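So that you can see what the record holds, here are the features copied from Swiss-Prot:
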DOMAIN    5-57  domain 'LIM zinc-binding 1'
DOMAIN    126-178  domain 'LIM zinc-binding 2'
MOD_RES   Lys23  N6-acetyllysine
MOD_RES   Ser104  phosphoserine
MOD_RES   Lys138  N6-acetyllysine
MOD_RES   Lys144  N6-acetyllysine
Amino acid sequence: MASKCPKCDKTVYFAEKVSSLGKDWHKFCLKCERCNKTLTPGGHAEHDGKPFCHKPCYATLFGPKGVNIGGAGSYIYEKPPTEAPQVTGPIEVPVVRTEERKTSGPPKGPSKASSVTTFTGEPNMCPRCNKRVYFAEKVTSLGKDWHRPCLRCERCSKTLTPGGHAEHDGQPYCHKPCYGILFGPKGVNTGAVGSYIYDKDPEGTVQP
């Protein structure tokens, strides 16, 4: 049975489909959520399950402010600040109260966990190791929360950065060489000059 395109909600037939983010799209429906540029499967960033072009849109919306992820440049699209920080002076806390709080018991594990839980009150589970992901150690990609070291290429296990990797069937891959080897045109390293053919049978005869 043909699936539904998540962009236009119409049936996607085999001849017109591309697969990305674990879903089937019409080729011209796989567009950046911000600028509407047509994207290629695995050649785009992702945030909350939606596709974005790497530059400038993903870097503008979700990258470190003023830094274009993956290259030099600045992509700041924010309104200029109209007000200076209204700080009239340092806030002083009596030393006695601080000491009293320390003697009553310093915050430990439970309070830390409660500060990093999700809206449901429960930490999310990492799709790689199936363990809880707390705020201080999480990165978000493919609509899921991962431990930083767990967001790795499915093929070579290289650690990846959120939005800086390819995707196939909901799994993360590095762009080069792994995604190009597995899912790109045979003999072509997608996105750069070179040849990356890793057939299962290296001793097999070369097809003309």
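Any Cβ shown, glycine's included, is placed from N, Cα and C.
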Neighbour tally for Lys144 (N6-acetyllysine), based on other Cβ positions within 10 Å of its Cβ: 19
Between Lys23 (N6-acetyllysine) and Lys144 (N6-acetyllysine), the C-alpha gap once rounded to whole angstrom: 15
For the domain 'LIM zinc-binding 2' (126-178), residues assigned helix / strand / coil by DSSP: 10 helix, 18 strand, 25 coil
Alpha-carbon spacing, Lys144 (N6-acetyllysine) to Lys138 (N6-acetyllysine), which is rounded to whole Å: 10
Per-state residue totals over the domain 'LIM zinc-binding 1' (5-57) - DSSP helix, strand, coil: 7 helix, 18 strand, 28 coil
Cβ packing number for Lys23 (N6-acetyllysine), 10 Å threshold: 19
